[in-house]
Amino acid sequence: MTGTIRIIGIDPGLRRTGWAVIETVGNSLRFIGAGTVRSNDKADLASRLCQLHDGLAEILHLHMPQEAAVEATFVNKDAVATLKLGQARGIAMLVPARAGLRVAEYAPNAVKKAVIGVGHGEKRQIHMMVKVLMPKALFDGDDAADAIAVAICHAHHRQSPAWRLALEAQP
């Protein structure tokens, strides 16, 4: 596994889905771009999911990543909100999968642990460490910063023996 690998990290959300593209060569990381795909909260659910789909598809076409990582969603007390978030996450997984990318999933605490060293941290800690790890990173809010963290997490985990075995097992 040598050479440059371009990774897209995605932090799914129905209102705002964060995305970030980084490159990894060995242990070094390079920031490519980050941002947020927004859906119109006045539109119906199907239209909002289409907006997320089209926005992510455009990002993939523009940046041509080779691997994708999506943050797993959590279940909260509002079942309807959790279901909608799950649908947005489905779009976040579908778009790169349809583009032929392998899609890895990471729990929020795994992302935090990879970036700040502990599984339970605050948003400001993630922002601070993203800036330390990638000083040239520019992001327009929490969602894009979280997506950078997801991409960094994947860059670290993709070098693990378990990830290599998973890649070898797939055609």
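Heads up, the Cβ atoms here are built off N, Cα and C, so glycines get one too.
The following features are taken from Swiss-Prot:
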| type | residues | note |
| --- | --- | --- |
| ACT_SITE | ASP11 | active site |
| ACT_SITE | GLU71 | active site |
| ACT_SITE | ASP143 | active site |
| BINDING | ASP11, ASP143 | Mg(2+) 1 binding site |
| BINDING | GLU71 | Mg(2+) 2 binding site |
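Around ASP143 (active site), taking its Cβ as the centre, 23 other Cβ atoms fall within 10 Å, counting all chains. Comparing ASP11 (active site) with ASP143 (active site), their Cα atoms are 6 Å apart once rounded. Of the recorded residues, ASP143 (active site) and GLU71 (active site) place their C-alpha atoms 11 Å from one another.
For GLU71 (active site), the same-chain residues lying six or more positions away in sequence with a CB closer than 8 A to its CB are GLY9, ILE10, ASP11, PRO12, GLU105, TYR106, ALA107, PRO108, VAL111, ASP146, ALA147, VAL150. Annotation note: ASP11 (active site) sits in a strand segment as assigned by DSSP. The local packing around ASP11 (active site), expressed as other Cβ atoms within 10 Å of its Cβ over all shown chains, amounts to 28.
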